[in-house]
Amino acid sequence: MATRRLLLAFKRFLQTSPSSMSSNQELAAMIVKTLKLSGIKPFENTPSLLSNLNSRVTHLVFSNPKLPPKSCILFFKFLQGNQSLTSSKPGLHAHLILVFRLYRARRFAEMRNVLNSVAMDDSLRWSVADMVSMIWDNWNEQKFVEKFCDILFRVYVDNKMFDDSGGVFEYMVKSGLKIDEWSCLSYLTALKKCDKTEECLGFFRRMVESGMEITVYSMTTAIDALCRKGRVEEAIELMKEMGGQGIKPNVATYATILHAYVKRKDSKRIDEVLNLMEKDKVCHDAVTYTLLMSHYADFGQVKDADKLFDEMRERGVKVDIQVYTTIISCHCKAGNLKRAFSLFDDLTEKGFVPNAYVYGALIDGLCKAGQVEAAEKLVIDMQSRGIDLNPVVFNTLLDGYCKRGMIDESLKLQAVMQKKGFEPDEFAYNIIASGMCKLKQHDEAKRLLFEMVEKGVVLNSVNITTLISIYSREGNFNEANRLFREMKRKGQKPNAITYNTLIGGYTRKGKMKEAYQLKDEMENVGIMPDEYTYTSLLHGECICRKIDAAMKLFNEMPQRGLVPSLATYTAIISGLSKEGRSHEAHRLYNQMISAGHMPDERVYTSLVSSLHTSGSQ
DNA sequence: GTAGGGTTAG
């Protein structure tokens, strides 16, 4: 009843009163009265009530102390949603009044929403200096100015308006306003995530220069930005430099560095970091253990990974799903599927909810073991638990099919993914191209990788290595070398696999001089030749029937800490056999067996033929 | 409300 009377009066007022200063105040009073009595409903039902609204009125409504902040917000949201119905939208001043009232009411989340509207609206957004001077003119409160700047800073960060965030920061420094480190941290993190490494580092430097208090959190973020770009040496420099200013690294900082070395597979440096942690009395946590376990997984050292898994539980470090994923993946890579699945049961019994990562690891394990059908079943199981097929799992399954030459299935799978809106990525292209190489379809494989470039997917170093492998198998070393040089020029550093690919190409064709040159080059740039490098070279020497040179390489391996693989033994045994040196061949055969390798057909054949050769001599 | 770890290709 009261509402109806009020609305009638409201309407009468709108019809009779011309727009003027005093009627502005009356209209504002009417709106406030209505809001207090009946909320926003009357305006929703009769938007024409606000047809005379102008920014002055909005201003008056928001600044009316009788209207609670909650009603202000309701009214603000209504105006935002109905901008076409009202003749003018709230101006910057009205926004700031609202922001101030929300500040007083300690409603910071709402404050942030309103400032977000300011930041996103070109007609409202003034320079921070101008906005702050407007604030000083109206409210003489340092704390409010600081909070205003802080929230504006964060709003710009949230919207990735990085130049504006930087502007607010500089303004605060210049004006001597207190700066919140958490806000700066979100800026650092956002820059890092957007791959703006230099900006991230530069901002960290500005933080330090500004004299504000800095914690290990910000430092670790800057260090991580460097590590993710492989700039570990600079990261360590920064850590030392900050240590001099009293900011000590903690378990997260060390984990960041460890991660970088795990990625590089640099066991020596990893040990150095572990020693440093011990000296600093920094205990390992779940993250540290995860990193170390995945490092062992890289080298197939399942037993060591298992030892760590036990150790962490003995020490009372909580095992989480990421730890499980790592140890499961480790067992999968070693072909230890039984153990992997029993760990999977373990984690579900403990109440963890399996996710795409764990499933991904198991599916890959099954695919690599050639059990693609079981992998398919697991994918269905995964989906029935509400986890959707993602690009990684898709690529994993694709590889399972391609490695077994199941082209039809891989095409069907691709169709499924395209329906889901996933275009093949650089992994998918590479997987299919490699599959084609195995079927000796080199031209098709090349065409596919070129098609990838046409579609705008940038070739990464793995894709280029695949191409190098194709060209060198074809004997086209001109093209292989051109790609290799181009890769270096583009700053995509070749790694051991890249070098080994090209070396393998040369040795297969008996071009030993070029192969040794590359081995020297890789050592010079700090990449240690591994068992693949040695096996290729040794195999090449065998092809050239220089068995003594091959034996020299074989004997060099243990000196460099390299363990001959089954492929190494196969090459050297068959090389020796061909030369009729069956005695040495048998000696190495026995050595191979004691090293735990299962000999394959080729070894037997060459051993048997060596008996014929030596017998005829 | 803050930083660091897990699944795929050569």
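Start at 1 and count along the chain as shown; that gives each residue its number.
Glycine residues also receive a Cβ, built from the backbone N, Cα and C atoms like all the rest.
Quick look at what TrEMBL annotates:
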- A:215-249: repeat 'PPR' (REPEAT)
- A:285-319: repeat 'PPR' (REPEAT)
- A:320-354: repeat 'PPR' (REPEAT)
- A:355-389: repeat 'PPR' (REPEAT)
- A:390-424: repeat 'PPR' (REPEAT)
- A:425-459: repeat 'PPR' (REPEAT)
- A:460-494: repeat 'PPR' (REPEAT)
- A:495-529: repeat 'PPR' (REPEAT)
- A:530-564: repeat 'PPR' (REPEAT)
- A:565-599: repeat 'PPR' (REPEAT)
Fill in the blank from the handout: Averaged over the repeat 'PPR' (A:320-354), the pLDDT of the predicted model comes to 97
Handout entry: Outside the repeat 'PPR' (A:215-249), six or more residues from its ends: residues with CB under 8 Å to it
Key = 181, 184-185, 188-189, 191-192, 197, 200-201, 204, 207-208, 256-257, 259-261, 263-264, 269, 280, 282, 493
Practice task
By DSSP assignment, list the helix, strand and coil residue numbers for the repeat 'PPR' (A:530-564), in that order.
Solution key: 26 helix, 0 strand, 9 coil
Handout entry: Secondary structure tally of the repeat 'PPR' (A:390-424) (DSSP, helix then strand then coil)
Key = 26 helix, 0 strand, 9 coil
Completion exercise
Using DSSP three-state counts, the residues of the repeat 'PPR' (A:355-389) come to 26 helix, 0 strand, 9 coil
Completion exercise
Taking DSSP helix as H, G and I and strand as E and B, the repeat 'PPR' (A:425-459) has 26 helix, 0 strand, 9 coil
